[in-house]
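Novice: Pulled the feature table from Swiss-Prot, pasting it below:
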ACT_SITE  GLU98  active site, proton acceptor
BINDING   TYR19, PHE20, ALA21, TYR22, GLY23, SER24, TYR139  substrate binding site
MOD_RES   SER173  phosphoserine
Amino acid sequence: MANSGCKDVTGPDEESFLYFAYGSNLLTERIHLRNPSAAFFCVARLQDFKLDFGNSQGKTSQTWHGGIATIFQSPGDEVWGVVWKMNKSNLNSLDEQEGVKSGMYVVIEVKVATQEGKEITCRSYLMTNYESAPPSPQYKKIICMGAKENGLPLEYQEKLKAIEPNDYTGKVSEEIEDIIKKGETQTL
């Protein structure tokens with residue numbers, strides 16, 4: 001079932017932070033693999049940015065076998081995503097998942113607008129030094145599943161579905177394959 005609107009009007013406190021996800025962490029089950037405290041906060045829009053996929057430092061992701069999501073400034077464009085309220089105890093695991101220590105991504109602060117028009121400040125990530133590359137079919141599927149699960153605007157979901165993946169036909173990690181299989185059986 002799709003989420004809608006902000007679920008928690010209190011926002012972050014000294015024990016928590018808000019994280020704007022636009023890639024594989026759109027999907028609840030995916031973010032909970034490493035960050036169990038993540039709780040849906042709301043759907044939001046990042047104005048004047050565009051979604052892209054790439055290989056950090058020209059190296060293909062060994063996890064996803066294709067380009068992975070990033071954002072870049074692009075006046076007039078927008079990126080939709082999910083804001084998660086997370087316990088600060090998950091900061092290190094989130095940074096680790098995003099490859100901050102290896103220099104794959106940098107932490108950025110973004111101002112996003114909720115569907116109700118409220119502006120909130122969130123933590124997010126931006127890939128540095130990357131070459132554009134299409135995502136694997138599995139990575140694209142996880143992103144599309146998350147967009148649908150959380151009720152991102154239908155027009156944006158269609159844009160995500162229209163992304164051309166690479167031709168990787170192998171497997172990704174077992175835990176991700178399990179999530180994809182569950183998603184496919186739920187839509188039958």
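Please read every residue number as a count from 1 along the shown chain.
Heads up, the Cβ atoms here are built off N, Cα and C, so glycines get one too.
I'm curious about the neighbourhood of these features; can you describe it?
Specialist: Secondary structure at GLU98 (active site, proton acceptor), as computed by DSSP, is coil.
Under DSSP, TYR139 (substrate binding site) is assigned to a helix (H, G or I) in the three-state scheme. For TYR139 (substrate binding site), other Cβ atoms within 10 Å of its Cβ number 27.
The secondary structure of SER173 (phosphoserine), as reduced to three states from DSSP, is coil rather than helix or strand.
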Novice: Over all shown protein chains, what is the count of other CB atoms within 10 A of the CB belonging to GLY23 (substrate binding site)?
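Specialist: The answer is 24 other Cβ atoms.
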Novice: Within 10 Å of the Cβ of GLU98 (active site, proton acceptor), how many other Cβ atoms are there?
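Specialist: Its Cβ shell of radius 10 Å holds 22 other Cβ atoms.
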Novice: Tell me, how many other CB atoms lie within 10 A of the CB of TYR19 (substrate binding site), whichever protein chain they belong to?
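Specialist: Step by step: centre on the Cβ of TYR19 (substrate binding site), count other Cβ atoms within 10 Å, giving 25.
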